[in-house]
């Protein structure tokens, strides 16, 4: 019984950390024109603290917490499949209803609120990953790694092909990355306006994300991570069941290899002055390759904390956020779009990167105590409750049981 409690605590703690960590990068998408997410020189100051924030967020957060969350998503699929086997029933119907709900909420989220949505794409990736749930863990790891490398290969191939593109097309794409470009100005105008004015601009970007972005990158990268996450669950790695020495070795290898790749990639980008083709299709791939390694390192450190029962109050807080992760992900969007977009306070493009850190801390300061309070009164997050009710085709109890 204690092992089961530790297992679920470790998953919840990791999920909470992943949700909070994702905001460090997402805040740039909420608060600045979209080109600035990929190229910090496209918008905003990089002087002093703002440059440090950009560098630190790239080194330690960019794609790392997205990777951690994808690993946990895969672990969740494996956990659900395990429960289905234990109950002597097929989990396919339940899983695909879960993915349908996720996809619908994702589309509404992406089109109506924020084009940075990942829910729809996770639903697509999770639908495919389920088909490989019964493969051996080593096979899942190898297929997952193959998918990630395939995404890398597609990006490199795309970049290589640009030498054959018409000059005017290359010039137009490169111009998007420049400070004061029409794309930057158009995004500022759209997101600073009323909600109805935002819709067409947001829809145009989100459609590109869930078509080209999904097909040529996210499907392969996220599905690969989900498959690896399945294996990590089945091997007891993500449930704090391996030795402390194992986690220390994994953390050390992940951090050394990952940070080496990230630093080299960033140095190569800086050496080329953030040139569009290199940065987009070559330079940033070092970070994309390093992110799963660093996510494994972060995971390992959290497993040690859970094993040793260190930082109980922090673990409790992160677990509460993790148990309400779906609700908290959407809450971040509601809070940040209300703060930055024209239908709210209209601060889009007004805050520099150093100031954005204060917003992140403020959102965390809302989410952590709210999650703790909510779970004292209710058994699950509000969106989780709707999700489970839809999946099980009947309303689920929401009030926490008094023991």
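Including glycine, each Cβ sits where the backbone N, Cα and C put it.
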- Message: Between the candidate ranges 245-266, 377-398, where does TrEMBL place the transmembrane segment annotation?
- Response: 245-266
- Query: Other than its close neighbours in sequence, what residues sit by the transmembrane segment (326-345), given a CB gap under 8 Å and a spacing of at least six beyond its ends?
  - Reply: 19, 22-23, 26-27, 30-31, 105, 109, 113-114, 119, 191-195, 197-198, 351, 359, 363, 366-367, 370-371, 381-384, 387
- Message: I need to check the long-range neighbours of the transmembrane segment (68-88): which residues 6 or more away from its ends have a CB within less than 8 Å of a CB in the stretch?
- Response: 11, 14-15, 17-19, 21-22, 94-95, 98, 122, 125-126, 129-130, 133-134, 221-222, 225-234, 238, 292, 295-296, 298-299
- Message: Check the transmembrane segment (141-160) against the transmembrane segment (205-233) for contact, please; criterion is three or more CB pairs under 8 Å, pairs 6 or more apart in sequence.
- Response: yes
- In terms of Cβ proximity under 8 Å, which residues at least six beyond the ends of the transmembrane segment (100-129) contact it? 26, 29-30, 34, 66, 70, 73-74, 77, 199, 202-203, 205-206, 209-210, 213-214, 218-219, 222-223, 226-227, 230, 329-330, 333-334, 336-337, 383, 386-387, 390-391
